[in-house]
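Asks: Have a look at this one.
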Amino acid sequence: MPEKKGSSSEKVLYCSFCGKSQHEVKKLIAGPSVFICDECIELCNDIIRDEVPAESGDAKAAKSDLPVPGEIKASLDQYVIGQEPAKRTLAVAVYNHYKRLKHVQGVGKKEDVELAKSNILLIGPTGSGKTLLAQTLARLLNVPFVIADATTLTEAGYVGEDVENIIQKLLQNCNYEVERAQRGIVYIDEIDKISRKADNPSITRDVSGEGVQQALLKLVEGTMASVPPQGGRKHPNQDFLQIDTTNILFICGGAFDGLEKVIQNRSEKSGIGFGASVQSKTERKVSEVFREVEPEDLIKFGLIPELVGRLPVVATLGELTEDAMVQILTEPKNALVKQYQKLFAMDGVELEIRPSALTAIAQKALARKTGARGLRSIMEHSLMDTMFDLPTMDGVQKVVLDEHTIEEHTKPLLVYREQKASA
């Protein structure tokens, strides 16, 4: 019994586990008709720590949550073909960013060294994989992710989206969990389209260009953004949610068409004289020129100096080659060929795409100058009629796509079960 009578008429309480009285222990905690002392609680904690060491250690959890740069790049390799320098730069930048978050959260006292945030700027032609890189990173790290189009943003008070709408979309993606949203990734696409229209400031308002850049400044650097709750502005009496953007990683991407001319003009001015290396403009690829980009080039292009300073990590992506296009069609986890083979398999039909057809698709996509985005439209156009007729056709076992289908727009070869059996 946990209760016994003492010499005086008062009740003395005893631990139900070790039998010690309330006078022999520091604390006795009551439960439903039972008591437990502080010594027994400490003993229970020791047993749990010994038997479940993995769950009690924060180090392992931190390690599993935070892949190292090599693992990040290996995951990117599964989805993104080529662009090795950009993948390495991104892997290191993202690793350092989330290491910084662990440093901020794990340290209770004020540290001497304060780690600053390094946002990322991706420069590369259309269809080179900028958005895919950001999407793959967010999927790997299991953090909220949102893509914002810079061309739809305007200054506050004008028709269009405010920059705070980006944070609201991020909140929506994580079901309005503020803590998760504050560790998310924001990808701002077409950042080059909000460049200043001219080098010298204009007297007229540039509400979708420099004005948006000014509005993005504090958001990218870190500020308390006021976001309406789930009900939006329909309930004006509700308090706005306060989101700290200090720990949100911002990745900005753009094609920066014309930036290569700015870089070349700068390099040509610096390369004057007998010792200067003479090289024709046509000899160098745009991707090679982009690798030499300096902050002053981005400012000359039309980004304001303050925004350039807040995007310290610059990764450049190159134009895709024919071989890279063929690899994109077949190698990634969600490769286009695998997707169409899965669609045809749902109808019980095998899809075979010959190597000559893959080369023809890659060449056609390169001619369109839309990067990897052009691959799907070419595949869709080549297989459209077959996908329309196939569900109502009997006996088809295989569809074969060759270079003639791509180049001459002929119908793919159909192999029937009877023909295959007789062969």
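For all residues, glycine too, the Cβ spot is worked out from N, Cα and C.
Source: prediction; values computed, not measured.
According to Swiss-Prot, the feature Zn(2+) binding site maps to C15, C18, C37, C40. According to Swiss-Prot, the feature ATP binding site maps to P125, T126, G127, S128, G129, K130, T131, L132. Positions annotated as domain 'ClpX-type ZB' by Swiss-Prot, on the basis of sequence analysis: 3-56.
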Asks: Where does C37 (Zn(2+) binding site) sit in DSSP terms: helix, strand, or coil?
Replies: strand
Asks: Taking Cα atoms as reference points, rank the binding-site residues C15, C18, C37, C40 by distance from P125 (ATP binding site) and give the first.
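Replies: In terms of Cα distance, P125 (ATP binding site) lies closest to C40.
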Asks: Return the single residue from the binding-site residues list (T126, S128) that has the minimum number of other CB atoms within 10 Å.
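Replies: The binding-site residues T126, S128 were compared, and T126 has the fewest Cβ atoms within 10 Å.
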Asks: In whole Å, how far is C18 (Zn(2+) binding site) from G129 (ATP binding site) when you measure between their Cα atoms?
Replies: 65
Asks: I'd like the number of other C-beta atoms within 10 A of the C-beta of G129 (ATP binding site), please.
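Replies: Other Cβ atoms found within 10 Å: 28.
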Asks: So for C18 (Zn(2+) binding site), how many other CB atoms are inside 10 Å of its CB?
Replies: 13
Asks: With an 8 Å cut-off on Cβ-Cβ distance and a minimum sequence separation of at least 6, pull the same-chain contacts of G127 (ATP binding site), or say none.
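Replies: Residues satisfying the criterion: L320, T370, G371, A372, R373, G374.
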Asks: Does DSSP put K130 (ATP binding site) in a helix, in a strand, or in coil?
Replies: helix
Asks: Other than P125, T126, G127, S128, G129, K130, T131, L132, which residues of the chain come within 8 Å of the ATP site, judged by Cβ distance to the Cβ centroid of those residues?
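Replies: Output for this site, in sequence order: G124, G253, L317, G371, A372, R373.
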Asks: If you count, for each of the binding-site residues C15, C37, L132, the other Cβ atoms lying within 10 Å of its Cβ, which residue has the minimum?
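Replies: So among C15, C37, L132, the binding-site residues given, the one with the fewest Cβ atoms within 10 Å is L132.
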Asks: Among all the protein chains here, how many other CB atoms are within 10 A of the CB of K130 (ATP binding site)?
Replies: 26
Asks: Which whole-number mean pLDDT does the model give the domain 'ClpX-type ZB' (3-56)?
Replies: 77
